[in-house]
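Written out below as C-alpha cells is the structure these notes cover.
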Amino acid sequence: MTVEMIYVALMIILMLGLLLFEVARADFVIFFFLVIFLLSGIITTEQALSGFSNEGMLTVLLLFIVAGAIQKHGIIENFIYGILGKSQSLRLSMVKLLAPISLASGFLNNTPIVITLTPILRDWARDNGFSPSKLLIPLSYATILGGTITMIGTSTNLIVNGLLINAGVEGFSFFTMAIVGLPIAIVGLIYILTIGYKILPSNLGAEDTIRKEAKEFLAEATIGEKFEYINDKIITASKNSLKGIYIIEIIREDGEHVFPVSAHTIIRKGDNLIFSATLSRIAEVEKLKGVSLETGTNESLEVLQNDNHHLVEAVISHNSGLVGRTIRSTLFRSKYNAGVIAVHRNNQRITSRVGDIVLKTGDTLLLLAEDSFVQNHQHSHNFYVVSTVNPPETLKQSNLKGALALGLLLVMILSVTLGMLSMFEAMLIAVILLIITRLINWSEILTYIQFDVILLIASAFGIGAAMTQSGLAHFIAENMLAFARPLGILGIIFIVYIVTNIFTELITNSAAAVLMFPIAFEIATQMDIPYMGLIITIAIAASCSFITPIGYQTNLIVYGPGGYKFSDYVKIGTPLVLITMVMTSTIVYFVWY
C-alpha cells in the first residue's frame, strides 16, 4: 500500500466510526471528510463537486418534490381509507394493503409513504381490535421491497445509476432492477404474510405505553399563599424548590391556560402546575410549604388537551440536530410551541427527568402541541411526525388534484420507459408542470426537499472518487478477489452482497452504496466480467436493510409507534435478509454471468 492509500483508508475507517457511533449528523460527517480529501489533494475540486451536479443526485432532489406533491393531495390516504374499512381478519387486510403499498413504493419515495400511513394503520388497528405492531414492520418492509423494483424506487438506486453515468458507462433502464427486485418483492411479501406474521409481536405502541403509565409520572400541584416563590419566575423556582420537575402547563386561578411554559413565566397564587417528574421527586414536592399535591390524581393526558392542543407523536430522525442534546437544551417549547410530555425508547420507560433526557435516534416523543403542529412540521428533518391531524388535512384536498399529480408522474414514467426522456428530464418537466398547474407552490418545494439527504449523496460521490483516485478501491478489490476467486463468480456476488448489507445496517444505505461501488466496479474490471450484475447486487443489498431499526429510515419511523424492541427486527428481519441475499445472488449469477 502507498502512503496515500493508507491515509485514505484511515480516513474512511474514522468516517465509518463517526457514522456508527452517531457523533454527528451523517451528512455533516461525509461532507467533512470530502473537504479533508479536497484540502489534502487526494481529489481535485472538479471531483469534489461532481456529486453536486450529478444527474442521479439532481433526480433525487426532483423526486422529493414530486412525491411531496402527491403526498400533499392525499391520494395515498384516500386509497388506503378506501380499501381498509372494517375487518375481521388482520391477515386478509394485510394482503389487501401490502401488495399495493409495495407497488406504490416502486414509483414514490418510501419515506413519505411510511410517514403518511403509520398513524392511519395504527389507528385503524386500534379501532378494529388489532395490535399495531402486527402491521407497522410489514409496512416498512413492504416499501423497502417495492423500492427494489424500479430505478426510482429508492434514492440508493438513483445514486448507483448516477455513479454508473459518472463512470462513463451505461446506466439502468427504468425496469432493469425489476429482473431481481420483482421476484424478491413477491417472495418477501409471502414470507411477511406467513412466517413473519407469526414472529411479529403484539405490542402496545409508544403512545399507548405512555398513556398506560402516565399516572405514575404526571401530577398536579396547587400553589398556595405560603409558597416562597409566588410572583417569581419559573427559572428561579426551578433552581430551588421546584428543581427537578418539568412543568408542562399552568392553569391560572381565573382559568387561563399558560402553554407552553417559558422560563420567565411568573408563578402566581392559585396556579395549578401540571408537571412530570420521577416518583421520588413528586414525593419531595408534596412536602413543600405552600404546595398542595395530589399524587393519586385521576387526571389523564386527555385532560390536558383542549380545543387547540392535542397529543402528537414524533420520532427522532437519523440526521436530527436534536440527537445528543437534552430536551431542555433543545428549547423545544419555544422553537416548536409544543411541550414534551414523555419519551419512549426501545420499549422502555425512561424514569429520569423529562427535561434532562438526552435524545437518541429513534426516540419517540409524546408532545402536547397545537393543532397546526403536524401541518407545520411534517417535513421537519429533526423528527418524523407520525400523528394524524383530526380530521386529516390531506383528506380535505381535492381528489382531482391528487389524481392529476399522480397522472403526471405516470406519464413521465411512461416517457422514460419508452426512451423518450431521461429520468432527470422527465422529473424536471413534472416539477415545472406541477408549479404551472399550481398543484404546488415555491414555498412548499423547499419543505419537500430533504437537504440533509441531498448533501449526504452529493458528498458521497467525492468519497468514492478518493477511494478510486488513491488506488484504495483497486487494492481492496484485488485482495477480495484473492480470497474469493476460488469460490467462483457466485461466491464473489455473495461476498459483495454481504459486505454491502453490513455497511447498510451499520451506517446508511446511500453511504454503503457509494463506498462499495468503486470496489465492485474494480472487481468487474479485473475479472473482465459484465459490471451490471455486481452493481445491481450493491443497489439491492444497500436497500434491503431489515435487521436493525437504524439501518433504514422507514424502519426507524415505525420503531416507536409499533412499540418494538431492537430484537424484534433481528428475529423478523434476519430470515428476510437471507432470502433476499440468496435470491439476488442467484438471479444475478444466472442473468448476467
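Here the Cβ of each residue, glycine as well, is placed from N, Cα and C on the backbone.
Under the heading domain 'RCK C-terminal', TrEMBL lists 204-291, 299-383. Per TrEMBL, transmembrane segment is recorded for 6-21, 28-45, 57-84, 135-160, 172-193, 403-436, 448-468, 480-500, 531-552, 572-592.
Only pairs six or more apart in sequence are counted, and the transmembrane segment (531-552) with the transmembrane segment (135-160) gives three or more Cβ pairs under 8 Å, enough to call it a contact. Only sequence-distant pairs (6 or more apart) were considered; of these, at least three Cβ pairs between the transmembrane segment (572-592) and the transmembrane segment (172-193) are under 8 A, so the stretches are in contact. If you count C-beta pairs under 8 angstroms between the transmembrane segment (135-160) and each of 28-45, 172-193, 480-500, the highest count goes to 172-193.
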